[in-house]
Amino acid sequence: MLRTPVDFQDEFDVIVIGAGHSGCEAALASARLGCRTLMLTLNLDKIAWQPCNPAVGGPAKSQLTHEVDALGGEIGKMADRTYLQKRVLNASRGPAVWALRAQTDKREYAAVMKNIVENQDNLVIREGMATDLVLGNNDEICGIQTYFGTCFGAKAVVLTTGTFLGGTIWIGNKSMPAGRAGEFAAVGMTETLNELGFETGRLKTGTPARVDRRSVDYSKMEIQPADEEVRWFSFDPEAWVEREQMPCYLTRTTPKTHQLIKDNLHLSPIYGGFIDSKGPRYCPSIEDKIVRFADKDSHQIFIEPEGRTIPELYIQGFSTGLPESLQLQMLQSLPGMEDCVMLRPAYAVEYDYLPATQCYPTLMTKRVEGLFSAGQINGTTGYEEAAAQGIVAGINAAKFAQGQDMVVFPREQSYLGTLIDDLCTKDLREPYRMLTSRSEYRLILRSDNADQRLTPLGREIGLIGDRRWALYQTKQENIAAEKERLHTERVKELDPLGQKIAADTGQKIKSSVTLADLLRRPKFHYADLASYGLGNEALTQAEQAGAEIDIKYSGYIKRQQNQIDQISRHANRKLPEGLDYLTVETLSMEAREKLNKVRPLTIGQATRIGGVNPADINALLVYLEVQHRQKNAQEAVTS
């Protein structure tokens with residue numbers, strides 16, 4: 001750790017350390033808000049690289065991607081420009097869990113993002129390893145020092161170090177210092193953070209082998225085609241690129257696969273005891289799956305292309321830390337892969353992280369003013385989680401550098417806010433992945449209305465320009481007008497059209513109904529209205545969907561909003577000091593144990609305890625109300 005005065009080679013408003021998905025969003029946000037920004041990366045040729053699965057979106061992750069775009073970020077636009085395949089997951093379920101997922105072209109994605117950051121005003125990109133922080137007399141950030149001794153000044157620094165901080169990759173019992181295969185680990189910064197009193201820990205993740213597509217027999221696999229109708233992450237049509245899509249394929253593990261793994265578990269880094277870092281619960285290695293789900297005869301393995309012009313296939317669901325000599329045998333035990341050629345081995349990577357309870361919800365650290373952290377250093381896993389934190393850290397680093405109030409994203413207004421609230425308030429000791437179940441407000445926090453929730457804020461912050469703002473206003477006006485039309489126009493029982501709709505749907509029309517009434521019926525959608533000539537062809541698909549969802553789910557949405565309002569109203573309600581939570585049978589067992597251990601003072605504090613979900617809070621409020629009424633009744637009797 002260095003102290004001022006220091007001879008700075010150059011001075012900036014904000015320095016971002018790292019150029020992955022978090023670093024790029026942070027640097028772009030800072031620069032676009034008028035701050036002279038430096039983005040420091042270990043490798044200028046690997047900006048926005050996708051070292052694991054080259055994909056964007058999926059359950060909860062797509063909501064984050066839409067939200068970053070709604071604020072003015074890039075990840076959604078990147079996916080829309082470079083996708084190989086797109087599919088909507090959970091399409092048969094409700095809109096709260098609809099999830100767009102795009103397989104992306106790995107090299108194209110990185111090249112397009114590199115071009116964007118290289119041509120961004122106010123943004124300087126430089127290759128180098130930051131190893132130390134420069135602090136002022138009051139322990140405030142003043143800059144950074146690189147491995148070779150060069151110092152750069154800054155009012156704010158954002159750490160987005162990914163898996164590089166103290167990174168070690170493992171294949172079997174062999175290891176080497178690296179942030180990912182073929183790239184240096186970052187050294188020095190962990191020691192600086194420890195010296196400043198920060199707690200750091202170790203986490204692990206992994207990536208599967210890559211296989212030559214020319215050596216795979218797809219006829220033995222199940223094709224996974226793209227959706228015919230392409231959907232988009234970005235709310236900006238200028239980012240939409242119609243392109244030919246590529247299929248993915250599905251194969252499965254076999255008894256031979258399972259036996260190979262069971263016989264050699266002792267050779268894996270975790271089961272062999274070479275490392276003891278926690279890996280991601282929701283993205284386990286294949287050996288973890290075999291151990292944890294021993295009763296399963298087979299596991300799905302998805303075969304996904306990494307690009308249009310490269311032969312590499314990503315073997316999703318098959319990450320491992322087992323020795324390289326075993327990996328080819330394991331791969332060749334999969335149907336369609338009997339003669340496959342392995343181009344890159346799978347490996348596990350262990351790295352340092354900074355538990356995010358040491359951060360404010362602005363992502364500025366509590367110990368050092370002007371120091372922010374975002375992405376995997378905060379204990380998360382996934383490009384989307386990283387990008388979401390990156391744009392928040394970039395916004396707030398810029399605000400801090402400019403002496404303005406920083407922005408806090410409430411959990412009830414976005415998945416992004418839920419993510420950061422969880423990170424900053426819960427003691428998480430394993431890589432955190434965003435899930436729809438983590439949000440108690442998921443019916444309100446949908447992908448389709450991310451712009452409605454966050455674009456006005458993006459405009460206020462300064463990341464949404466006039467063109468995007470005009471697009472947003474037009475869309476919202478069109479949805480509002482269409483909802484009014486649907487609530488006004490009616491179909492009569494005795495009209496030929498009314499009789500046809502009744503016959504087709506098997507549901508009678510009594511006297512007359514509005515078009516909104518029709519939309520509220522199960523399995524009746526806007527496309528059905530359109531088929532009867534009752535739709536509005538001038539609207540975009542997104543505008544039609546927005547109007548339909550608001551009408552069809554209005555009762556559920558209102559109920560959830562009431563729950564939000566109720567919990568908000570009761571946030572400061574004090575909890576009885578002597579309350580024995582273990583006796584409150586309407587609480588889940590996990591909630592009883594956590595509440596009894598933590599002993600929160602208020603309802604608001606209780607909502608932020610890991611393992612206590614919204615249903616538990618509602619049950620607790622009901623319990624307190626019942627106790628209050630019983631107490632009043634007893635007092636009335638005795639008086």
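In case you wondered, yes, glycine gets a Cβ from its N, Cα and C as well.
As annotated by Swiss-Prot, FAD binding site applies to G18, A19, G20, H21, S22, G23. Within the same chain, residues at least 6 positions away in sequence whose Cβ sits under 8 Å from that of S22 (FAD binding site) are T160, G162, A374, G375, Q376, A386, A387, Q389, G390, A393. Under the three-state DSSP scheme, S22 (FAD binding site) falls in the helix class.
Residues or ranges marked as NAD(+) binding site in Swiss-Prot (evidence: sequence analysis): 279-293. In this structure, G279 (NAD(+) binding site) belongs to neither helix nor strand by DSSP; it is coil.
Rounded to a whole number, the C-alpha distance linking G23 (FAD binding site) with G279 (NAD(+) binding site) is 23 angstrom.
The two recorded residues K289 (NAD(+) binding site) and A19 (FAD binding site) have their Cα atoms spaced 32 Å from each other. C283 (NAD(+) binding site) and H21 (FAD binding site) are 19 Å apart (CA-CA, integer value). With every protein chain in view, the residue among the binding-site residues H21, R281, K289 whose Cβ has the most Cβ partners within 10 Å turns out to be H21. Taking the C-alpha positions, the distance from A19 (FAD binding site) to G279 (NAD(+) binding site) comes to 23 Å. Of all the binding-site residues given, namely A19, C283, V291, the one with the smallest number of surrounding CB atoms inside 10 A is V291. In the three-state DSSP scheme, V291 (NAD(+) binding site) falls into the helix class. Of all the Cβ atoms in the protein chains shown, 28 others lie within 10 Å of the Cβ of S285 (NAD(+) binding site).
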